[in-house]
Amino acid sequence: MSKIIAYDEEARRGLERGLNALADAVKVTLGPKGRNVVLEKKWGAPTITNDGVSIAKEIELEDPYEKIGAELVKEVAKKTDDVAGDGTTTATVLAQALVREGLRNVAAGANPLGLKRGIEKAVEKVTETLLKSAKEVETKEQIAATAAISAGDTQIGELIAEAMDKVGNEGVITVEESNTFGLQLELTEGMRFDKGYISGYFVTDAERQEAVLEDPYILLVSSKVSTVKDLLPLLEKVIQAGKPLLIIAEDVEGEALSTLVVNKIRGTFKSVAVKAPGFGDRRKAMLQDIAILTGGQVVSEEVGLSLETADVALLGTARKVVVTKDETTIVEGAGDSDAIAGRVAQIRAEIENSDSDYDREKLQERLAKLAGGVAVIKAGAATEVELKERKHRIEDAVRNAKAAVEEGIVAGGGVALLQSAPSLDELNLTGDEATGANIVRVALSAPLKQIAFNGGLEPGVVAEKVTNLPAGHGLNAATGEYEDLLKAGVADPVKVTRSALQNAASIAALFLTTEAVVADKPEKAAAPAGDPTGGMGGMDF
């Protein structure tokens with residue numbers, strides 16, 4: 001395919017147009033008075049959302065240079081969402097402000113590499129200031145307030161705080177759709193481990209990139225599964241039972257994996273293959289934990305069991321299994337409660353007898369997985385569109401609350417970023433590096449200004465006023481009052497604020513140092529073929 005190339009200012013401006021198109025659509029959602037965006041879907045009802053990363057994913061631009069610019073900003077939103085579960089809109093607004101100021105200086109003759117170094121040093125300083133000023137989240141009320149801001153709903157915030165209180169800060173919280181209205185919290189036996197599906201072809205929900213199995217059989221194998229003839233007798237029995245199958249093994253490869261994938265694609269048989277968690281003896285122990293939790297047995301040569309002779313009686317079961325690319329969650333395993341309690345007691349005894357800090361830490365992890373359980377938040381709504389949007393908000397709020405517990409919280413509403421700007425005075429920079437730091441200083445006010453604008457206030461006036469307020473005091477956009485934001489419950493996890501700034505600066509530096517863009521040449525649509533038979537004389541076709 002032939003390519004087109006743009007250089008210098010033309011290249012950078014093309015990328016900036018794409019960034020602006022995406023950022024302008026996303027930034028209207030920022031803050032408590034932010035608006036919604038409607039996303040058209042090829043199939044089904046449109047989605048209404050105020051989640052930055054969901055909006056960014058949907059934007060596809062026609063111009064090849066603009067398309068690349070938009071894709072780079074999508075990466076900012078996605079990366080921030082992956083790390084912290086929130087802050088995608090803030091990251092996009094910061095990226096837009098950094099690029100706008102940066103390109104203005106590049107056009108005026110500044111050295112892009114000098115600006116890049118200045119931006120990096122300034123971001124490092126602001127990050128350090130944010131982490132120093134962060135307050136630890138200790139109470140249930142603080143967790144509820146942080147989650148409520150992310151979800152835009154106090155009821156959701158309180159429910160998440162309750163869930164974290166019950167399963168612990170590292171515990172598993174999943175969100176499911178409910179047939180009833182409102183929200184419910186259920187605690188179930190369950191486990192999550194950090195291994196995902198071996199092949200993307202196992203995905204059952206393409207939009208969320210998840211494989212969901214309802215009431216599956218669970219096969220646990222301590223060795224590799226590579227030949228299909230070993231697996232076939234058992235597969236036939238599972239297919240006859242009409243249930244899906246989760247395979248957890250050291251690895252699933254070769255023709256065994258191909259057979260599972262082909263049958264999944266054809267719709268003959270639903271299965272998911274996952275690598276077993278851990279290594280060596282720890283892997284064996286974790287497989288045994290899963291076996292006890294699900295009421296199954298580990299197929300292993302050590303205990304005289306092989307795949308060829310394995311029967312359905314050796315398989316575990318669970319109410320539901322959800323597998324993503326990175327992790328597997330087993331909900332309500334069918335294991336015997338006495339056996340689970342016995343296993344928990346055994347692990348506790350091992351923890352007490354262990355001399356190694358590392359071993360003790362790993363045993364604690366196993367104990368938390370086995371005894372902690374899974375909190376399931378069931379969300380209901382009047383329509384499918386509302387239900388999807390609500391479920392997404394709750395999932396983001398859960399990640400947000402966990403981020404708050406991890407690194408602490410700072411004043412929300414863009415105030416922490418703006419009030420960390422004076423720390424840049426401590427940097428002794430000169431020339432283009434000083435200009436780069438100044439670009440960051442200007443950009444730090446962008447989120448607050450956008451929140452004020454979305455709330456119908458004058459951005460410049462609000463930013464000026466907040467600059468002169470004591471640390472942590474600022475605009476509560478929900479009420480229009482200037483107050484101590486942490487006391488008022490307007491807080492952001494510092495992990496969210498920090499990630500948003502770091503990711504935005506990373507992409508802005510790439511924009512400024514770009515000297516050429518190579519893009520695919522847009523193909524002209526082929527002219528429709530004429531009628532080979534020709535028309536009838538005198539007739540108008």
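Numbers run from 1 along the shown chain.
Using N, Cα and C of the backbone, Cβ positions are placed for all residues, glycine too.
ATP binds THR29, LEU30, GLY31, PRO32, ASP86, GLY87, THR88, THR89, THR90, GLY413, ASN476, ALA477, ALA478 as Swiss-Prot records it, and from the list ASP425, ASP492 the residue named for this site is ASP492.
Every protein chain considered, the tally of other Cβ atoms within 10 Å of the Cβ of ALA478 (ATP binding site) stands at 16. Summarising the ATP site geometry, the residues cited as binding it (THR29, LEU30, GLY31, PRO32, ASP86, GLY87, THR88, THR89, THR90, GLY413, ASN476, ALA477, ALA478, ASP492) extend over a maximum Cα to Cα distance of 20 Å. Secondary structure at ALA478 (ATP binding site), taken from DSSP and collapsed to helix, strand or coil, is coil. For THR29 (ATP binding site), the number of other Cβ atoms no farther than 10 Å from its own Cβ, over all displayed protein chains, is 21.
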